[in-house]
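K.L.:
Annotations for this protein, taken from Swiss-Prot, read as follows:
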BINDING   Thr232, Ala233, Glu234, Glu286, Ser385  L-serine binding site
BINDING   Arg263, Ser264, Glu265, Glu350, Ile351, Ser352, Ser353  ATP binding site
Amino acid sequence: MLDLKMIRNHVEDVKAKLATRGVKPEAIDDLLAKDNERRELIVKSENLKKLRNEVSDQISQLKRNKEDANDKIQEMRKVSQDIKGLDEQLENIAEEVESKAAHLPNLPHEDVPVSLTEEGSVEQRRNGTPRTFDFTPKAHWEIGEELGILDFERAAKVAGSRFVYYVGDGARLERAVYNFFLDQNNAAGFTEEITPYMVNDASMFGTGQFPKFKETHAGYEVKDEGLTLIPTAEVPLVNYYRDEIIDEEKLPISVTALSPAFRSEAGSAGRDTRGLIRMHQFNKVEMVKIAKPEQSWNELEKLTTHAETLLQKLGLPYRVITLTTGDMSFTAAKTYDLEVWIPAQDKYREISSCSNCTDFQARRAHIRFRDENGKLQYVHTLNGSGLAVGRTVAAILENYQNEDGTVNVPEALVPYMQGTTVIGKK
């Protein structure tokens, strides 16, 4: 949530920055008009409450003097009714103001490339050289199906499209990957959590998924329960601190969690219809940092660097790009995408997004800290995948495949596979 006071004081700057994210200036004008109406009602209500107090004092004085107070009593009743009516209007308008403000995305950082589409993202660096094959590399779903370690057909029978069964060494590889990620994250100072996989509406609002997810049907809601299956562990990890004041000395906080992620993939018809790239349910290891404002940009670089080390230790070629203003998530002020090389597609595909959300989520979730001067401030929140597990499995199957259909296990994962170095058909 953007600070209304900041919007009022920097209207044209806010309009210009949000225009790079596709927000029309009328949206800001509508918000401020409604906010002005709310503020005018507050003044009227406060004036009437002041008048009510004055009339009440006059009634008391008349009664002490044993004089007739009926006219003043009638006046006070009318004032009280007017106050009640104004307060009801105020409540309705306050909801409208919050709703309009809740639909505005975060302001982009000044060095984010400006574009309303993904075109224009800036590549920062690459690591590793994509392998040159002396045979035509197969897609990961072909490899998995031929080895009997991925079963999309039975998953479709049981649940529908965009689901998968991991079988045998496929399940072991998936487990090896996420245990490796969690161990690396723990070693880097992240505190591991096991979170709820369903959250309430306030939590989804706090991290910025609602109201957009409700309107676009991007998630899975549990009917009549007020719960939603999490699209990422970012939601419960950040909301752990919702409505709390954190001790300053505890900042920055780094937490991590493995969880399933549930996505309806609304609007993705025809895209990545095969394989592990775009699923309705997939495992993901998430990383979240909560920091003081002056720490957050350095923490974003550290978060991104750590995500890179995971790919480096797995020997997977990747690149890092800075997303454009129009391609970032709703809550982000700046995002680095890590894209891993997928040989069968002959291109890099996203495997992690590392974002600084500044105080945007903290305002929605009311997460604050008290600074050294005793002043309450909003924290900054950051998040990043560390990493998407299914996409990592896909990248391993494709980058480590052999001509005979077998797959070599990355050296870092061999201990997690109980010494298995090659996955073959059984």
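Placed from the backbone N, Cα and C atoms, the Cβ positions cover glycine too.
Give me the structural setting of these features: burial, nearby parts and distances.
P.N.:
Spatially close to Ala233 (L-serine binding site) yet at least six residues away along the chain are Thr195, Ala257, Leu258, Ser259, Ala261, Lys284, Val285, Glu286, Val288, judged by Cβ distances under 8 angstroms. Ala233 (L-serine binding site) falls within neither a helix nor a strand when secondary structure is assigned with DSSP, and so counts as coil.
In the three-state DSSP assignment, the secondary structure recorded for Ser352 (ATP binding site) is strand. Shown in sequence order, Ala307, Asp337, Leu338, Gly384, Ser385, Gly386, Leu387, Ala388 are the residues of the chain, 6+ apart in sequence, with a C-beta less than 8 angstroms from the C-beta of Ser352 (ATP binding site).
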K.L.:
So which binding-site residues are near Thr232 (L-serine binding site), with CA atoms within 10 Å, out of Arg263, Ser264, Ile351, Ser353?
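P.N.:
The binding-site residues close to Thr232 (L-serine binding site) (Cα within 10 Å), listed in sequence order, are Arg263.
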K.L.:
Give me the count of other Cβ atoms within 10 A of the Cβ belonging to Glu350 (ATP binding site).
P.N.:
15
